[in-house]
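Per Swiss-Prot, the features are as follows:
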REGION    1-379  region 'Not required for interaction with Dcr-1'
REGION    1-337  region 'Necessary for enhancing pre-miRNA processing by Dcr-1'
REGION    1-392  region 'Important for homodimerization and interaction with Dcr-1'
REGION    129-211  region 'Sufficient for binding RNA'
DOMAIN    135-206  domain 'DRBM 1'
REGION    209-249  region 'Enables simultaneous binding of both DRBM 1 and 2 domains to dsRNA'
REGION    210-246  region 'Disordered'
COMPBIAS  211-223  compositional bias 'Polar residues'
COMPBIAS  228-242  compositional bias 'Gly residues'
REGION    245-322  region 'Sufficient for binding RNA'
DOMAIN    250-318  domain 'DRBM 2'
REGION    340-465  region 'Necessary for interaction with Dcr-1'
REGION    392-463  region 'Sufficent for binding to Dcr-1'
DOMAIN    393-461  domain 'DRBM 3'
């Protein structure tokens, strides 16, 4: 079959204008039971999203099959050609740009119009509409894979109503024995994962990612803690009325939990203003905890309260805890006035303390005399020991002195932590009278060690001659 009659009289002239050599179309045998094979000329095939070749796409030999692309991708690629520095259509048939083969040898449209590296980058980073396909999860995976680290995702909690659940995910990894953890929440598991990954990326690179379409449906509550900092996360919310409807999760419950963990008074809510027409009311509610105060506005009291709690929760996450100020604030909260030594300890005058009897006084005096006259080697060595040296095993030394002087040592861990979040411990010496010393530390073991150190200081003072 003559090529001019098959493709039309204008095809060779069009191919010549594009510097593309015409190809001889080989007829294909008709197969029974299959639709007739379609033949496209190069220009029509290019416009319809088919491979650019004189050979048929479907059923072609393996060496002559071509990549079939969507119209959107072809349009995006053709648009790139019009930019300065890009490959022009007049260069399509250049063998140097097409790998020395022009349109022959089974080279698809992507390989002809774009160099192979640019084609791979285009396909991997864009979709059919030319939009970025990278999500926070994929970006985090790419960042950590360079260091041979794979982040792990864990479903922590599902909260909210059955028809509107809120999923909370934790993403974590270890780098040189340093744990990194981030929390994220969303209306779907996918959204929660992306929120957690976004929070971790924000911390790692110190920059905010652009909002993705999946997270635009509502702000995602995310939080990040590094090496057990104890933070529960942060959230994105605005102070407007409608925007507050998109607040994810239960900020009122989170704030209540935070106050319980820190042993603070519970938050109090108070309606400040109520303005607007009856059908368009705008409420303002204040949330107060100790000396902190945050406001929330919304079209209903519920929305305003949630926003106020959310802002307070966010503020407390970012505010360092000052144990001294917190203690003064709590005392002022409980007593209704700022703490002062006279007011705070004034009630001690009214407390009835049992009177020291002569018999009990003699026992205490006898105990002190016995301690001072003790001749144990460990107890005598204690007088010459500097107890500020951290290399000393205080618990072991106290046990040796107790064995030598025949009294028992009992450690009592206190469940309640200090205002600064430290563990507490009491050590009891079964002497007469009973000696009790207190200790605190970042861990329960450190608290016991500190209590033993204070007990040794007590014995050192009582046995000084």
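Here the Cβ of each residue, glycine as well, is placed from N, Cα and C on the backbone.
For the domain 'DRBM 3' (393-461), the number of residues in each DSSP class (helix H, G, I; strand E, B; coil) is 30 helix, 20 strand, 19 coil. Secondary structure of the domain 'DRBM 2' (250-318) per DSSP (helix as H, G, I; strand as E, B; remaining residues coil): 29 helix, 23 strand, 17 coil.
Remark: secondary structure over the domain 'DRBM 1' (135-206) totals 27 helix, 29 strand, 16 coil, with classes taken from DSSP.
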